[in-house]
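Undergrad: Below you will find the structure I want to go over with you.
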């Protein structure tokens, strides 16, 4: 018995939607990471190397961005049966589904972990060292990383009083890394749906033969 056209169409439609959703999320992740490289839209910090290591890693660009976007293109091609996928067999479809799913999973997971660590460590900014060791000096670093007595994420009184430069460094950092965290989480959920859709399509194809 041949596989049902209805089953194949449903699986392909789901792949098209998933590909579009993952691709859109990847573009948003890349955009958020670009913004992290330009605090207050000022390129000076990037040129002077005054950016935190989490932003410089660029996981939103190559992880949640390029890797997920590549997977999204593969998934979309499978859904539209375009090019070499127009008459792809069962083995090729399964291999492509595993490859695209693994690629998107890895990229989204790297971006998710990096964003979580970045939120935990806090922003990279210029702060007054005297408020920590009684020495009058200013330097760039992570003022909230070793501040165990108070959590800056919940104590908003610290947001405008610790970081001297860039202005609104905490708001910029928290907003964009929170966005990256949510985007990568959404990507992970979409990858799970993609894997389930691929397995169901494979199962139905095998059962209906």
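Even glycines carry a Cβ here, placed using N, Cα and C.
Sequence annotations record features per position, and here Swiss-Prot assigns N-linked glycosylation site to 133. Annotated region 'Important for homodimerization' per Swiss-Prot: 186-196, in sequence order. Marked as topological domain 'Cytoplasmic' by Swiss-Prot: 1-16, 81-93, 197-209. Among the features that Swiss-Prot reports, topological domain 'Extracellular' is placed at 38-59, 115-175, with the record citing sequence analysis. Look at Swiss-Prot and you will find 17-37, 60-80, 94-114, 176-196 tagged as transmembrane segment.
In terms of burial and nearby residues, how do these features look in this structure?
TA: Within the chain carrying the region 'Important for homodimerization' (186-196), a Cβ under 8 angstroms from the stretch's Cβ atoms is held by residues 14-15, 18, 21-22, 25-26, 29, 64, 68, 71, 75, 97, 100-101, 104-105, 107-109, 111-112, all 6 or more beyond its ends.
Long-range contacts of the topological domain 'Extracellular' (38-59) within the same chain, counting only residues at least 6 positions beyond its ends with a Cβ under 8 Å from a Cβ of the stretch, are 110-111, 114-115, 117-118, 121, 123-124, 140, 142, 166-169, 172-173, 177, 180.
Here the transmembrane segment (94-114) has Cβ contacts under 8 Å with residues 22, 29, 54, 57, 59-60, 62-68, 70-72, 74-75, 78, 85, 88, 180-181, 183-185, 187-188, 190-191, 194-195, 198, 202 of the same chain, all six or more residues outside its ends.
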